[in-house]
Each structure stands twice: as C-alpha cells, then as structure tokens.
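The structure appears right after this line, and notes come after that.
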Amino acid sequence: MNSYIFPIKVAAITFPFLALVISAPFLIYYYRKYGELGKLRSVILYSLVFYLLCAYYLVILPLPDIQTVAQLTGPRYELHLFNSLHNFLNQTVLQWNNPSTYLSAMKQSVFLEPVFNIFLLFPLGIYCRYYFKLSLPKTILASFCLSLFFELTQLSGLYFIYPRPYRLFDVNDLLHNTLGGAFGFLCAPVFTFFLPTRSELDSESVAKGRRVTFLRRFVALVIDWLVIGIAGIILSFFSSVFPESIVTILNYPMVNFMLEVVCYFMIAMYFWNGQTIGKKVVRIKVVEKGRNHIRFWSLVKRYSALYLLLYGLLMIFQYTLTHLTIDNHTIFIAYLMFGLISLGILLLFLFNLLYALIRRKTRLFHDKASHTYSISTLKKEV
C-alpha cells in the first residue's frame, strides 16, 4: 500500500510548484477566450492537474538506483493480451461457492494490479465527459493515448535516464487503463450531477470577463516579464556587437531594469495604444480618461510610479540596511531616516494593494497618479 501512497504524497508536495507551470496554458486559453477563469472552473482544473500528477508519479515512483537497474535481467515487456486474466484464473484463491475466499482473493496481486490500472484512468473518463464534452469513442482514444504515454515512459527507462526499463511495459495495462477511462465516462453523471454544466461555467466566465481582476492583471504581468526575460537572453548573445562601454553600463542591474521598463512598458506600450503582449493575451488594455489613444506622458507617470519609484525605494532600503553598522553617528541617523522613509512608502503601497483586494477596487495608486485604468477588450459575442 505504501507504494501507492508515497507517489500521492510526492504529488501533494510538488503540486504548488508544478501546478502553475502545468496550468499556465489553461490560464492563457481561458483568459484569452472568456476573460475570466471562475472559482469553480479553477477548482476543476487544479484538481485535474493534481490528478494527472498523482497518476504520473504512481507510474514512475519510487525511483530505483541506476546501478540497481543496470543489473536487472528480467523481461522488458509483456505483449500477450489477456495474460493478466490468465494469471488471475491460475493463481487466485477465489472460490465462487465459498464467500470466505472473497476477501483473500481481493488481497492478491493478480486482482489488485488490474483493478488499480482500471481505477488509474477512471477519473480521466469523468473529466472527459463532464468538462471536455468528449464522446465515448474520443474518451476511449484519450484514455488509450495517456496510457500509452505512461507505458512508453516505463519502456524508455524514464526517457533513457536509466539504462533499461525498471518497470514492465504491459499491453494488459493499456487495456485496463482504457477500460477505466470508458467506465469513468459511463459513471460521470453519478459524480457530476450536482455541478453546473460546462455551458453554465462558460456563461459565468463571460459575464465576469467584463471586469478586470487583479489575477487577470497578474497573469498579464507574468507573461510580460517572461517576454522581457526571453528578449534579454536573446540580446545577450549579441552583446559582442555593442561597444564595451555600453555593455559595462548595461551590466548594472538598475540601469538594465530602467531600460526594460522604459522600452517595453512606455515606448512599446505607447505604440500599441496601452497594450503589451501579456495584456493582449488576457485581453485587457490601459486607457486614459477622455482619450482614444493613451499619451506617452501618462505611461511615463504610470510606470515610473509602479516600477521605477518602487525599485528605487527598495534599492535605498537595501542600501541603508547594509550601512547601519557605520560608526559615524550623523551618517547613521541619515541612513536610518532614509531607510525608514523608504520603508514607510513601501508599506503604504502594500496597504493600498491589500485595501484594493479587500474592497475589490481595481485601481491602485499608480492608476490614479496617471489618470489611467485597465479595461477588458473581450467582445460580447464570445
């Protein structure tokens, strides 16, 4: 039983870190299409991610030692279909006319292994029917493909990390997993009758998509900084074409950060009329009151307050912390004052963010300072 519980524990531990990575395509897709994910949809999608992680870990864990695997001499695959049924009939202690043998038979590996493989993809069938609206044939195909992925993972020795497979590739597992997905499809109404339909979830997301939530803005922010990071990596390969003096200046983190903010969030955003790549993905844009095209000066005020001011305050606070051990009393007082002032302003920003979250107000201090705000560009005919 521990061999089944251990992978689930590992999945629970790694889930918070991997969930964001795995669910990122879902987030982008649903924000792009509906403008909002929705609480229940979030629960459903994250439960799907957690289930897939558990299933994957059940297939590969626990990981053996490479030297131990190299010494294995057993078979690598089982290609005899219905061999599991043959083993059950030959090895089971079950006697149909003797109920006292039922429990003992259910504890045997010839019974537990096929049943486990059936239940492994049983939830997938439920997700396929309820959430993805797949037909039974498509659910069977999806179950078979996922099972084949698991079996090929085993056959390849975890993508050739190991010198040979440490688990058996078994066509009977393919059969049992696929049957499990089909059974899950057939039983889905029993488990989902109390939940809203997929159409109702979509309608709710579209209705809420008119509002620009902080989560939506955060997703756009993450995408934007990923784009900036990738662009920075690409440009670093061409650093040799720039004069050495420019490269030296760009190596300063503060200079580099300021250039990124000015070029991307001010200049590029001005030409894109209040949008960035991240904002385009989640369908939001920054607009200025009373204007069809946002002014460059408004973007300068907005992102100077958000990035340059906050970054500068963080740098001042960090610098003063590292110099509070100075012996000169006057300079110590000056450092302490600068540190407290910068910390106070940073705490005000944090308070403004928390207040907006609690009161569900979407405008922060940099929005108000620049007389700008974010709107949804989602069309009504979604």
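Just so you know, the numbers here start at 1 and follow the chain as drawn.
Here the Cβ of each residue, glycine as well, is placed from N, Cα and C on the backbone.
Automatic prediction, not curation, is the source of TrEMBL annotations.
Here's what TrEMBL has on this protein:
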TRANSMEM  6-31  transmembrane segment
TRANSMEM  43-63  transmembrane segment
DOMAIN    49-191  domain 'VanZ-like'
TRANSMEM  114-132  transmembrane segment
TRANSMEM  139-162  transmembrane segment
TRANSMEM  174-197  transmembrane segment
DOMAIN    213-370  domain 'RDD'
TRANSMEM  218-242  transmembrane segment
TRANSMEM  254-273  transmembrane segment
TRANSMEM  305-326  transmembrane segment
TRANSMEM  332-358  transmembrane segment
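Fewer than three CB pairs closer than 8 A are found between the transmembrane segment (139-162) and the transmembrane segment (218-242), and contact between the two stretches is not assigned (pairs 6 or more residues apart). Nonlocal intrachain contacts for the transmembrane segment (174-197), taken as residues 6+ away from its ends with a CB within less than 8 angstroms of a stretch CB, comprise 40, 81-82, 84, 114, 117-130, 134, 136, 139-140, 142-144, 146-148, 150-151, 204. Across the domain 'VanZ-like' (49-191), DSSP classifies residues as 100 helix, 4 strand, 39 coil. Mean model confidence of the domain 'RDD' (213-370) amounts to 81 (pLDDT, 0 to 100 scale).
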